[in-house]
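What follows is a single structure, written as structure tokens, with notes after it.
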Amino acid sequence: MLESLTLQPIALINGTVNLPGSKSVSNRALLLAALAEGTTRLHNLLDSDDIRHMLNALKSLGVNYRLSADRTQCDVDGLGGPLVADKTLELFLGNAGTAMRPLAAALCLGYSDIVLTGEERMKERPIGHLVDALEGGAQIDYLEQENYPPLRIRGGFRGGELTVDGSVSSQFLTALLMAAPLATQDTHIRIQGDLVSRPYIDITLHLMRSFGVEVTHQNYQVFHIQGGQTYHSPGEYLVEGDASSASYFLAAAAIKGGTVRVTGIGKKSVQGDTKFADVLEKMGAIIHWGDDYIECSRGELRDIDMDMNHIPDAAMTIATAALFAKGPTIIRNIYNWRVKETDRLSAMATELRKVGAEVEEGQDYIRVVPPAHLIAAEIGTYNDHRMAMCFSLVALSDTPVTILDPKCTAKTFPDYFEQLARLSVLA
């Protein structure tokens, strides 16, 4: 029997949330700190399942680190070069794409014998495009199904001319970019297809720059990385707040504010998901930006029809915010929802219908027509943290909502429901 949490109707949302560290930034920073020369102190590291999987993998690979008691500060002693193992290893990475993809590429730099595996859902998340790009020099075998983890990696990546499909996940390119400077030869990466989630590549390039490596590119179509380089620790690095996690609180304020301020991201943020606030503003919310905060106040929400490929994770929050808009909302160009923690397009359509919405699910879009009155329902979360957090917004109506398996938020935001309760005035 799955545990469940029933949220009673919320009359008002008001207050400030200090955001946990970004998952995307945390796992990239941990890997680069491990590869770099010198010790790096990471501040505001996210404490969640995905980060623990990366930390456990790095420990197995001989990386020393020291975590503070609350696990948000971490001193990482860099290896000054590739990750290697002197014995055969199996690394279990849960359902953490931000650990699986970058580690798969980084482990191709040395000559080890390492198996990367994870939960059942991880074995359904494609990795073939990354493996194809690496196979010019590296030896990689699929242990179960072609194009999917688990993988056996025995190294041998030297750089050179690579081609990678950019249309499924930007994490494949991120993985190649982070490994390439440590290859013996220069690397030139050509993108096939349309590059999805481009702002996530900007996060990668920003982090690499912080660790002393510059990448040149021609309009995100061809990337050039000099080989034979070493990452250098910046000494200290502050992980900014998670912009995807901010989306739930900002949307809640747009629907039932009051005013909510999220701190840890702002005008200078490296995360593309901060653009979520612009989408809310287009829908009618009132947004204020600071250097390290975003503030949202309630507005009459209008329907919207928009390409949201640039904010794939935060766009899910628009799908549930659409329940409170004046007319039908259409979210387009989101095929990559289908290869995330679950098939998010299918899951979102199924659960939105339960609360009374009329939903059209396309191959790469979703259309949501809000009901006159929301219906109380039990929401399946599909072991997907974002499904649980998105559907908490249903409680901003005059209807309670029951979230099944609420603990799945541990992937990125273990105390999400406590934070939501702290800002809520119940009806």
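Each Cβ is built from the backbone N, Cα and C atoms, and glycine gets one as well.
For the phosphoenolpyruvate site that Swiss-Prot gives as LYS23, GLY97, ARG125, GLN171, ARG386, LYS411, the extra residue drawn from ARG209, ARG332, ARG344 is ARG344.
Among LYS23, GLY97, ARG125, GLN171, ARG344, ARG386, LYS411, the residues given in the record as binding phosphoenolpyruvate, the maximal Cα to Cα distance rounds to 19 Å. Here ASP313 (active site, proton acceptor) comes close to SER244, SER247, ASP273, LYS340, ARG386: these same-chain residues lie at least six apart in sequence, with C-beta atoms under 8 angstroms from its C-beta.
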